[in-house]
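These notes concern the structure reproduced below.
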Amino acid sequence: MGFKGRKSSSKNPPIFSHEFVIQNHADIVSCVALVFVIGLLIQATSPFAYMFIALHHNVSTENVGPELPFRYTYGLKDICVVFFYFLICIVMHAIIQEYILDKVTRKLHLSKVKLSKFNESGQLLVFYIMTVLWGGDVIIKENLIFNISSLWEGYPHSEMVFMFKFFFIIQLSYWLHTFPELYFQKIKKEEMPERIAYASVAIVFIAAAYLLNFNRVGICLLVLHYLSESFYHIARLIDFVDKEERGSKAGYMVWHVFFVLARLGSVMLSVLTFWYGLSLAPSNTGAPGDFNSPTVRVGALTAVVLLQVYLMFNFITDQLRQLRETAPASVRKLTVKPKQLVGKKKGDGKKQEYDELTEVDQNTKKNLKQRTQKVK
């Protein structure tokens, strides 16, 4: 599959230069991914290619019917699968950027700073909406929303259906692909630390939920977080498009509500699962895949709660900063008007000049007047 490269000039950059790689990175990555697909067609290389494309560690028996789908665990071969779909995420990123976002931004005529934020929000919004729909479907099929006790009952939840495991594979692949995208999208150095930190935290939490078999509570927390973030990026995109800022204000208000609810919901689910539910479940830490120990439970609960507190703290400080930025303008308007009215009421130039003197100068002027009157 070929993609149009972005050309900054009429001359083609030299091969293997930075500009050439950036302009044609989607073509290069798609060719690498195509090598694995073609490898499936050749008998000698099909086992090698199959290791990168298909999900592994199937623990189902051979007599599996339609009512009992295949079930998987995790293992070292998942690294190969994550690498292949890491390449697919780069290709999909380029498709969304080239055929959707670039066509929209050409009509908006945004500055470089706003253009970078618009592209970031557009890419994340597509990913968040897909994840919320996908994760919500898995939650409903696994009966996690109507049977809350299933978050801890039957732990360890080491076995997953195909779509459940594939969900976590795509999550890891997507957040890993954000690191090379910093280079491909020519992100400024000032914006890199925030994006690197956000992606790194996402990888750590998703990998921990996947490897410690906390995948059920993990998918619920991810859907909650992504749902609130979807409203934020919707409001942000409206802010760039809507010049009157009417729709963006309503969008940000909706995001504020969902953000607070998501933080509260995440803390409640974490406390209910790690502090209450898993403590009642039978613990067998010696068994493979069982991490239901007090140390792991408290550590997982602390990590989730601290993350929610950090996000809430940043949210509150950002709101206070916006209030401080808008407050001085209104204060200036109120303080300037009384001075103008006082000046108009005085009228007399001598009296106005007298009122502008300091208190000490006014007293000395009175004493001089009294002395001249006595002399006369």
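Yeah, the Cβs are placed from backbone N, Cα and C, and that goes for glycine too.
Lifted from TrEMBL, the feature list:
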| type | residues | note |
| --- | --- | --- |
| TRANSMEM | 21-42 | transmembrane segment |
| TRANSMEM | 82-101 | transmembrane segment |
| DOMAIN | 116-324 | domain 'TLC' |
| TRANSMEM | 122-140 | transmembrane segment |
| TRANSMEM | 160-184 | transmembrane segment |
| TRANSMEM | 196-213 | transmembrane segment |
| TRANSMEM | 250-276 | transmembrane segment |
| TRANSMEM | 296-316 | transmembrane segment |
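Listed as Cβ neighbours of the transmembrane segment (196-213) (distance under 8 Å, sequence separation of 6 or more from its ends, same chain) are residues 74, 155-158, 168, 171-172, 175-176, 178-179, 182, 219, 221-222, 289-291, 296, 300, 303-304, 307. The average pLDDT for the domain 'TLC' (116-324) in the predicted structure is 92. Under 8 Å from some Cβ of the transmembrane segment (82-101) lie the Cβ atoms of residues 1, 3-4, 6, 25-26, 29-30, 32-33, 36, 52-53, 118-119, 122-123, 126, 169-170, 172-174, 176-177, 180-181, 184-185, all in the same chain and six or more residues away from its ends.
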